[in-house]
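Inspection log for the structure reproduced underneath, given as structure tokens.
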Amino acid sequence: MARILVLKSSINGSQSQTSTLIDTFLAERQANGHADDVIVRNLVDADLPMLDSELFHALRGAANPSERAQRAIVLSDELIAELKGSDLLLIGAPMYNLNVPTQLKNWFDLVARARVTFRYTETYPVGLVEGISAIVFSSRGGVHVGQDTDAVTPYLRAVLGLMGIVDVEFVYAEGLDMKPHGFDAGLADARRQMDALHA
């Protein structure tokens, strides 16, 4: 049984293509005999605090944190415990204005913590989150894979790698806003990528 943490960050609710892809992926795992323990974090509903100077320093261990900062530390610890307790991380990361949703960035700002999920050395940071693989489901209105306009892929690889998560796969649903056939073609291509992951 795999312990799966799902992060949904689309602002489109039930119309979200990344959430639909994740739900389909999980349903197919179940159909294939996997009895997974799944935790779903809807980051839009969670309304995570945005990193500012107060929270930044509190999460790095500053003395005498305010009540607000203490709540953020407790939340950060909870999110990190969920992450470290997982075997597989599924991330819904639609592209908004060439980048990840703010809600997803807020989650990473709470879990990427020095001395907790990574540590500094004399050369490079070393990740402290071990034994977890990740699959990112990313929908886009245009076609961006392999282009300078794709800031989503390098950012997610880098921030996951910072914490030690280096086994990362991507499922892209691209060109969804391109007429007349982009939507159907983009989802069909994502479907093929998902099939390859199940193989």
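The backbone N, Cα and C atoms fix where each Cβ goes, and this holds for glycine too.
The FMN site recorded in Swiss-Prot includes Met95, Tyr96, Asn97, Leu98, Ser139, Arg140, Gly141, Gly142, and the single candidate from Ser10, Ser14 that the record places there is Ser10. Over all protein chains present, the Cβ of Ser10 (FMN binding site) has 25 other Cβ atoms lying within 10 Å.
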